[in-house]
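Pulled from TrEMBL:
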- A:27-44: transmembrane segment (TRANSMEM)
- A:50-69: transmembrane segment (TRANSMEM)
- A:76-95: transmembrane segment (TRANSMEM)
- A:101-123: transmembrane segment (TRANSMEM)
- A:130-148: transmembrane segment (TRANSMEM)
- A:183-200: transmembrane segment (TRANSMEM)
- A:236-259: transmembrane segment (TRANSMEM)
- A:271-296: transmembrane segment (TRANSMEM)
- A:316-335: transmembrane segment (TRANSMEM)
Amino acid sequence: MIYREAGDFKTGYRDDGQTFPIRLDRWGYYAALAVAFGIIPFVINDYWANAVFVPFLIYAIAALGLNILTGYAGQVSLGTGGFMAVGAYAVYKLMTAFPEISVVIHILLAGGITAVVGMLFGLPSLRIKGFYLAVATLAAQFFLVWLFNKVPWFYNYSASGQINAPERTVLGWAVTGPATSAAGKYLVCLIFALLLAWVARNLTRGTLGRKWMAIRDMDIAAEIIGVNPLTAKLSAFAVSSFFIGVAGALLFAVYLGAAEVGEAFGINKSFLVLFMIIIGGLGSIFGSFAGAAFMVLLPVLLKNVLVGSFGWPTDLAAHFELMIVGALIVFFLIVEPHGLARLWALAKEKLRLWPFPH
Amino acid sequence: MTHSPAVETYTTADGRQIGGVLMDMRNITLRFGGVEAIKDISFDIREGEIRAIIGPNGAGKSSMLNVISGFYVPQEGEVWFRGHRRGPMKPYEVARLGIARTFQNIALFDGMSVLDNIMTGRLNKMKAGFLSQALWWGAAEREEIANREQVEKIIDFLEIQNIRKTPVGRLPYGLKKRVELARALAAEPQLLLLDEPMAGMNVEEKEDMSRFILDVNDEFGTTIALIEHDMGVVMDLSDRVVVMDYGRKIGDGTPDEVRNNQEVIDAYLGVAHD
């Protein structure tokens, strides 16, 4: 079984358009799904869930969202943290106001609310591009954090100014609150991440995705072939913000359990997710996952190596970790500006010809 | 100065029947600040013909094409399309009327494959709702396949099957021009505007492109308006020619009429010195 298309005949346009055109890729994908659903939930413990899997899945959703906006539609955004905060506070208000309704619906509604807010802050994109748009979305970031700090209604007038996720269950399993099991957290995030990745793939391969990419690559030509820039850009902001809002809601309700807006959803979050899509690969679904994995796993790995193997003091290791991550980001930008997804694609292209490259 | 024939239809030298007026430009004037790029120009484009606009650099040809495609709105004059006066429109609304174009400097979407680029030409034929697209279920998938079939016909027609999955950024210049033509054709336009389709090509590529333009006109019945500097190509391809100079129209008629027009010779064609 060699990695190539030859012999794997496509007899219709439906087959030709499938997500994994090469048989070995399809098998790899099904194997990964089998492991993710069949093995990991049974062996996962709190450390692995909290340090690796749950943040990876949640940030993968956020990275997908930002990648739709920046990677596919070409609109730069630094407001990711603020939009995640909208998702978090929306789900908090919904959970406390309507405790009898399923938390899954709350999370989706929180995404919807974030989509509306994102569209609102996306309006300047009709006039401005590039750096100027980035600054406009930066304003959204600071404004939203300020808003959730300043208006006590958002945190239900709690004395600490924090929001705390009440306990909620899905089909009898606790998914939020202190009693949640590691497997419960992991599974709810996994299902959201997979469904949203599937939706992202569907949107980006069809009409809407082509409109976004046309606007990204050459907005004037896009308009002349019949793309309405208003609807294309605003739909990108809406879909992107929906994803980011769901990620924010999951981050608060499932992962953190309690959050203070400036700390959990500050400008650092915006940059973190931006780094994820740059390192993972702009305009790639796989890249969103790869970038999230890289940015989540690398600090954990470095910490284990530096503190665990070398026996360095924790604070020294933490400083080194920052430097190494920073250096790696610079390295990536210079060596492979198109990210891990491009490296992956190149490896696959080589593999198709292996072992006879000529 | 020759004028367009007043009759409703005419027959070309090679026996094609040319229909009524598709697009009528009436007394168009376009200014940029104090500069008059187009001065009081009138001409028409008839159904099924190949209409060329020629003239020296800076004569206002590209501006004229931009007026036709709705990218510029003239300060004076009227644009009539299919018997209706066209008000000021957004470029994407013009596209929906059935006018497609290619650009002098290729304007393809470099990040997308050839196939995706051509599929963008059919965006206006896609009607599936958001939910259907998000779930890739029902209308979205049916439309994708139906439109893919149409696009494959154009890919066959322009003989670019072997590059359909190649990213456009990797293609050589001549092929990019062909892909751009394919994208414009995918929209099934009634009027196709070509801005210097042969610019920067070698003789072989020019011959290919000329053949494609004639075939498009012949097989799809598409009306074509083009700007081109290669006089040999223009005179061979086009049914009627508009000549512009300094924003004015100095000639209009069949290639033979234009070739023998003294004003056109003085301004643009020149004479052979012996």
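Cβ coordinates come from backbone N, Cα and C, glycine included.
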Considering the transmembrane segment (A:76-95), which listed stretch of A:27-44, A:236-259, A:316-335 counts the most C-beta pairs under 8 Å:
A:236-259
Beyond the flanks of the transmembrane segment (A:271-296) by 6 or more, those residues with Cβ under 8 Å of it:
52, 55-57, 59-60, 62-64, 66-67, 70-72, 78, 80-81, 197, 200-201, 204, 213, 216, 244, 325, 329, 332-333, 338-342, 344
For the transmembrane segment (A:236-259) and the transmembrane segment (A:27-44), does the number of C-beta pairs under 8 Å, pairs 6 or more apart in sequence, reach 3 or more?
no
Tertiary contacts of the transmembrane segment (A:101-123) (same chain, 6+ residues out, Cβ under 8 Å):
75, 79, 83, 86-88, 90-91, 94-95, 136-137, 140, 144, 168-170, 175-176, 192, 233-234, 236-246, 248-250, 253
